[in-house]
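Report on the following structure.
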Amino acid sequence: MESNNISFVEVEEMDECEYSSPIFLEWKMIFVGIFGLIVALTSIFHNSLLFYTFSTSTELRKRNLTYLMWISGCDVFISICYIAIMCVQVYTDYFESFSLLVLWHDYLRVAFTVSHITLSAASFLLMAATIERYLQSTADNRTLKLFKFLATHRACVVFCCFLASLLFRGTVFFEIEVVHNENCTGFSSMGLAVVPMFGQNMDVVWRFFVRKIVTVFLPFAVLAYFNAAIVMNVRRTDRDQTVKALVLFITVGTR
């Protein structure tokens, strides 16, 4: 009886420590490890060039490209985090490198947090740029005053965007922890676990009803509404200018 129990425990430990490579690993290596790496490196180069050009050119500073400059900066970090998280994970499984696995687990929490913060910051910056463009496209005096106020305080708006993304996405660092299984060796000795911060029910409220709504659904709704409003304002302005031109042509005879 004792021998049966011992063998049963040994079987459980063997199942727990058994490592199996992910499915479609060859396809992941092609699309994520090769093509994804090329796209990420291209993005890093081009967005770094944009950020440097926007930040150093005195001529471009006069054209109100502050939001685009910081969005390009966020894209640089997003591409770096893509390589660090996605590409290295595929390389680890494809080449079965335990050293890469240890390195990946060492920096994963930082890279994952930075990627979440920069993604949300880019969404907030794009939302701020769209709202500013909408205010600029309207002919109302109140909206023009608000546009001038925001235009003169763009640095504060950028700071608020990064602060909001840090508050809503910075907690990702504390929600993930690296787990070491002392009963196993090799690839099965390390793993990841989700750590509840406020309890099970409050975590659901925080992650979905607060963070997901503020950082995903709200930017999507704001961008959809204000972009549609910008199109309507531009079409209305073009129509009014066309009518004015026709009236002038009929009455005065000038084109």
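Here the Cβ of each residue, glycine as well, is placed from N, Cα and C on the backbone.
No curator has checked TrEMBL annotations; they are predicted automatically.
Taken from TrEMBL, the feature transmembrane segment applies to 29-55 (among others).
Predicted-model confidence for the domain 'G-protein coupled receptors family 1 profile' (46-255) is 87, expressed as mean pLDDT. Summarising the annotation, TrEMBL assigns domain 'G-protein coupled receptors family 1 profile' to 46-255.
Here TrEMBL flags 67-91 (among others) as transmembrane segment.
Summarising the annotation, TrEMBL assigns transmembrane segment to 111-135 (among others).
Residues 64, 66-67, 70, 116-121, 124-125, 128, 131-132, 135-136, 210-211, 214-215 of the same chain sit 6 or more residues outside the transmembrane segment (147-168) yet have a Cβ under 8 Å from a Cβ within it. Annotated transmembrane segment per TrEMBL: 147-168 (among others), in sequence order.
Sequence annotations record features per position, and here TrEMBL assigns transmembrane segment to 213-234 (among others). Listed by sequence, the residues of this chain that lie at least six past the ends of the transmembrane segment (213-234) yet keep a Cβ under 8 A from its Cβ atoms are 120, 123-124, 126-127, 130-131, 133-134, 137-138, 164-165, 168-169.
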Other parts of the chain folded back onto the transmembrane segment (111-135), taken as Cβ under 8 Å at six or more residues beyond its ends: 67-68, 70-71, 74-75, 77-78, 81-82, 84-85, 143-144, 146-147, 150-151, 157-158, 160-162, 164-166, 168-170, 172-173, 176, 215-216, 219, 222-223, 226-227, 229-230, 233
Residue numbers, six or more beyond the limits of the transmembrane segment (29-55), whose CB comes under 8 Å of its CB atoms: 61, 65, 68-69, 72-73, 75-76, 78-80, 82-83, 86-87, 90-91, 94
